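*Asks:* According to Swiss-Prot:
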- 1-189: region 'Enoyl-CoA hydratase/isomerase' (REGION)
- GLU119: site 'Important for catalytic activity' (SITE)
- GLU139: site 'Important for catalytic activity' (SITE)
- ASP296, ASN500, TYR660: substrate binding site (BINDING)
- 311-728: region '3-hydroxyacyl-CoA dehydrogenase' (REGION)
- MET324, ASP343, VAL400, VAL401, GLU402, LYS407, SER429, ASN453: NAD(+) binding site (BINDING)
- HIS450: active site, for 3-hydroxyacyl-CoA dehydrogenase activity (ACT_SITE)
Amino acid sequence: MLYQSETIQVSWLKDGIAELVFNAPAAINKLDTKTVASLDKAIASLEQQTGLKGVLLRSEKTAFIVGADITEFLSLFDSPVEKLQEWLNFSNSIFNRIEDLPVPTISAINGYALGGGCECVLSTDFRVASPDIRIGLPETKLGIMPGFGGSVRLPRLIGTDNALDIIAAGKDIGAEEALKNGLIDAVVPKEKLVDSAVSMLEQAIAGNLDWKAARQPKLEPLKLNETERGMSFSVAKGMVMKVAGPHYPAPITAVKSIEKAATFGRDEALKQETASFIPLAQTNVARALVGIFLNDQYVKGLAKKHLKEVTIPEYAAVLGAGIMGGGIAYQSARKGIPVMMKDISQQSLELGMNEAAKLLNKQFERGRLDAIKMARTLSSIQPTLNYAGIEQAQIVVEAVVENPKIKAAVLSETETLVNEDCVLASNTSTIPISELAKSLKRPENFCGMHFFNPVHRMPLVEVIRGEKTSEKTISTVVAYASKMGKTPIVVNDCPGFFVNRVLLPYLLGFGLLLRDGGDFRQIDKIMEKEFGWPMGPAYLIDVIGLDTAHHSQSVMAQGFPDRMHRDYKDAIHVLYDNQRYGQKNGLGFYKYTQDKKGKPKKEQDEQTDQLLATICQQKSNFSGEEIIARTMIPMINEVVRCLEEGVIASPAEADMALVYGLGFPPFHGGVFRYLETMGTAAYVKMAENYAHLGALYQVPPGLKAKAERNESYYSTAATIAVSTGKTA
């Protein structure tokens, strides 16, 4: 053994060939600060070997290296600039030393080689891979860019256009594409990976493969003349700005950095990469996107704990074949859980099956499943007009019309037909679960399971715990939702649960703004372009449906009369009273026609202004700052109340529910990350300017207390001593 640490071993393999093996104690290899420090020492041990002829890098795990340890990022990014630069320089010096070894080097890649893992293999002369690999640089998805030489070596290895495509989009690619563009040199069966890599290394040692020629382009400027350079980068910058937009600076920064470094050799180009990386790492966008990644991992970890407690249902039933019921049945079947879809109408069943067939056909056309899988999936949805066979179901999801009496009757009837340990779940968006449970003999087996429309696209499922719901029931529903490919988040029962409860105050704030003379078109523009919502509030209400929004207002007003009751008619009431229901009937805040693809196209409608003029003050010109404050403060306050009341268990779960359920702008990271960025004291000070507008704008006491103590809702991670990799 030439060198050994907790994560890396270096030993002689044969005939002057040494192997450096990544072998972390955990299930996967990460390039955390400890491993980087170990890699420094491992390379030093190789540099001292006089008989060294070649070096093989490989992994003992099912994946090569999945990337850096993202749990360390927020602490690293909060370091002083000089510390962050020191860490990057130190890390890059290690990969330079791999690249500068006086012998040929090769990486044997299996599984994932992402981020720092990809940058590691780029530093070797050759790369051989198994067919199952995914390799790429996903950093821009985290609001940063490659920092270990990826933006320098990749374009010099595979060409500027190919590299920009991977780096700017944060892409990873498979073995076939990686071989085609030159990122890897060979694809071999997994069982022959190491032998093939050694054989290739022996060819290089013997002089049959020119390893110096393979290495040289990575040390030099890009092979582009001035005209080619201008064309490549101008096209890339235009595409990136169109796709990423102004709120996500990482992709365009990466492109500009590669452009600036195009005429530099490796060492100067790496300095440029570091100079571009550091400002990105210290942006609020990077903190938000890294926060989303960490929160997502946390939420998935909670779901895994539930999975340990129960068996995933193997057969399900869905009651109701409408938009939601049909979508739930499709998603269940698509993910391998056969499902019985029951309705009282043959026409509804046919519509449900047709919708499933249409979605499967789209998957088939995109090459995501073959004809056999498509047919098998469709045949695993059993449409029926009666309950025969429902006793086989381990879980039944009720998705009938949003009427408490009908839902209670259907659930009560179903309970008499299923096994005693069968779990019942109601897909409701507004009806309290504890109320529905009163019609059941086994309320402990019942909970809410709130899907979002369209079911096949929206990642969130709210799992609602009623007063008498058992933990086994919650775990079973979480397991089922996870198997369906969804992100389940458990919330406690209350009117609107979590997502709809916090959405309505946002819409009420919008209504107050209209009452005071705001223009819904300007508000939509500000909330989309400046704040970053996928849809402004008026457009969102049209998509939801004004009838649905009107009903939701009524339910929430009963549940929270002090904040959400309105003793006057607002915009939603007026448009609803005039049969303007939004996209569903072509008239809402906007009017809708169909485009060439048959999709709703939004247009202005003077009649809306005439109707709103009856309840709204004369038009006023609000600033973007005022519009954002007046719509967002009610939502932020309500989210905080939900945490304080225990409706939702943690800031991480709240933020993920907002991002996955409402499309809260990811670059803000969710309400609690947004509060952290602004600072709790600054938020309270801002909100106090609007306190005169009513109860919705009153800051919850817990948030005020945090502001007084200058506390955040997220704890700070341990700081990292970058030179040693030890936590401080």
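Each Cβ is built from the backbone N, Cα and C atoms, and glycine gets one as well.
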*Asks:* Quiz question: given the recorded positions GLU139, ASP343, which has the greatest number of C-beta atoms lying within 10 angstroms of its own C-beta?
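*Replies:* It comes out as GLU139.
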*Asks:* Measure from the Cα of ASP296 (substrate binding site) to the Cα of every one of the recorded positions GLU139, ASP343, LYS407, SER429, ASN453, then give the nearest.
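*Replies:* The answer is GLU139.
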*Asks:* Do you know offhand how many angstrom separate GLU119 (site 'Important for catalytic activity') and the residue listed as 'active site, for 3-hydroxyacyl-CoA dehydrogenase activity' by C-alpha?
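*Replies:* For GLU119 (site 'Important for catalytic activity') versus the residue listed as 'active site, for 3-hydroxyacyl-CoA dehydrogenase activity', the Cα atoms are 42 Å apart.
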*Asks:* Excluding near sequence neighbours, so keeping only residues 6 or more apart in the same chain, what lies with its CB under 8 A of LYS407 (NAD(+) binding site)?
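*Replies:* Long-range Cβ contacts: GLU398, VAL400, VAL401, SER426, THR428, ILE431, LEU436.
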*Asks:* Taking the Cβ of the residue listed as 'active site, for 3-hydroxyacyl-CoA dehydrogenase activity' as reference, which residues of that chain separated by at least 6 in sequence fall under 8 Å from it?
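*Replies:* Result: ASN427, THR428, SER429, VAL461, GLU462, VAL463, ILE464, PHE497, VAL499.
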*Asks:* Counting other Cβ atoms within 10 Å of each Cβ, which of the binding-site residues SER429, ASN453, ASN500 scores lowest?
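*Replies:* Minimum Cβ neighbour count within 10 Å, taken over the binding-site residues SER429, ASN453, ASN500, occurs at ASN453.
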*Asks:* Between ASN453 (NAD(+) binding site) and TYR660 (substrate binding site), how many Å separate their Cα atoms?
*Replies:* 12
*Asks:* Report the same-chain neighbours of TYR660 (substrate binding site): residues 6+ apart in sequence with Cβ closer than 8 Å to its Cβ, ordered by sequence.
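*Replies:* Expected: MET458, PRO459, LEU460, THR487.
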*Asks:* Taking the Cα atoms as reference points, how far is ASN500 (substrate binding site) from GLU402 (NAD(+) binding site) in Å?
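*Replies:* Here the two Cα atoms lie 14 Å apart.
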*Asks:* DSSP on VAL400 (NAD(+) binding site), three-state: which is it?
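*Replies:* For VAL400 (NAD(+) binding site) - judged by DSSP and reduced to three states - the answer is coil.
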*Asks:* At a 10 Å cut-off from the C-beta of VAL401 (NAD(+) binding site), count the other C-beta atoms across all protein chains.
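*Replies:* Step by step: centre on the Cβ of VAL401 (NAD(+) binding site), count other Cβ atoms within 10 Å, giving 9.
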*Asks:* Looking only at ASP296, ASN500, TYR660, which the record lists for substrate, tell me the maximum pairwise CA distance in angstrom.
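*Replies:* This binding site's residues have a maximal Cα-Cα distance of 21 Å.
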*Asks:* Which site among GLU119, GLU402 has the most other CB atoms no more than 10 Å from its CB, taking these as recorded positions?
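*Replies:* The residue with the most neighbouring Cβ atoms within 10 Å is GLU119.
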*Asks:* Could you please provide the mean pLDDT value for the region '3-hydroxyacyl-CoA dehydrogenase' (311-728)?
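*Replies:* 94, rounded to a whole number.
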*Asks:* List every residue in the same chain as MET324 (NAD(+) binding site), at least 6 positions away in sequence, whose Cβ is under 8 Å from its Cβ.
*Replies:* ALA399, ASN427, PHE451, ASN453, VAL455
